[in-house]
Amino acid sequence: VLSPADKSNVKAAWGKVGSHAGDYGAEALERMFLSFPTTKTYFPHFDLSHGSAQVKGHGKKVADALTNAVAHVDDMPNALSALSDLHAHKLRVDPVNFKLLSHCLLVTLAAHHPAEFTPAVHASLDKFLASVSTVLTSKYR
């Protein structure tokens, strides 16, 4: 459960991401594909090379979903319901992949915002991304 301090940290950190959200989403995906090659199996139709338009496009989708989750941090299950359905019933993404992408997103944010990425912000973002992952996998059962 996210505390009021966690919610404040997440909103402040994501606010600093701003117009770079799509780029950071794409960078996190690239990190995931390079660090965890098995994740590529969910994207057989994508050009997974560095800077590809498809990875950038999906990175923007990831970032937009996270922006939506931040905006609705007190009601993520409703805000992410359609996305949860998509990943559980159509795409059938292994839930472990959400953890891998979350890790890569944390690394990306830390690399771009080292001064703001304090231990408290890191912990809050980690809890937030875990909450998003829980919501996205809630319909797998």
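Glycine is treated like the rest: Cβ placed from N, Cα and C.
Database features, via Swiss-Prot:
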- His58: O2 binding site (BINDING)
- His87: heme b binding site (BINDING)
- 1-141: domain 'Globin' (DOMAIN)
- Ser3: phosphoserine (MOD_RES)
- Lys16: N6-succinyllysine (MOD_RES)
- Lys16: N6-acetyllysine (MOD_RES)
- Tyr24: phosphotyrosine (MOD_RES)
- Ser35: phosphoserine (MOD_RES)
- Lys40: N6-succinyllysine (MOD_RES)
- Ser49: phosphoserine (MOD_RES)
- Ser102: phosphoserine (MOD_RES)
- Ser131: phosphoserine (MOD_RES)
- Thr134: phosphothreonine (MOD_RES)
- Thr137: phosphothreonine (MOD_RES)
- Ser138: phosphoserine (MOD_RES)
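Projection of Swiss-Prot feature records onto the structure.
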residue	record	Cβ contacts under 8 Å, 6 or more apart
Ser3	phosphoserine	none
Lys16	N6-succinyllysine	His113, Glu116
Lys40	N6-succinyllysine	Phe33, Leu48
Ser49	phosphoserine	Val55
His58	O2 binding site	Gly25, Ala26, Leu29, Phe43, Phe46
His87	heme b binding site	Val93, Leu136, Thr137
Ser102	phosphoserine	Asp126, Leu129, Ala130, Val132, Ser133
Ser131	phosphoserine	Leu2, Met76
Thr134	phosphothreonine	none
Rounded Cα-Cα span from Ser138 (phosphoserine) to Tyr24 (phosphotyrosine), Å: 26
Sparsest Cβ surroundings (other CB atoms within 10 Å) among the modified residues Ser35, Thr137, Ser138: Ser35
Cβ neighbour count within 10 Å of Tyr24 (phosphotyrosine): 22
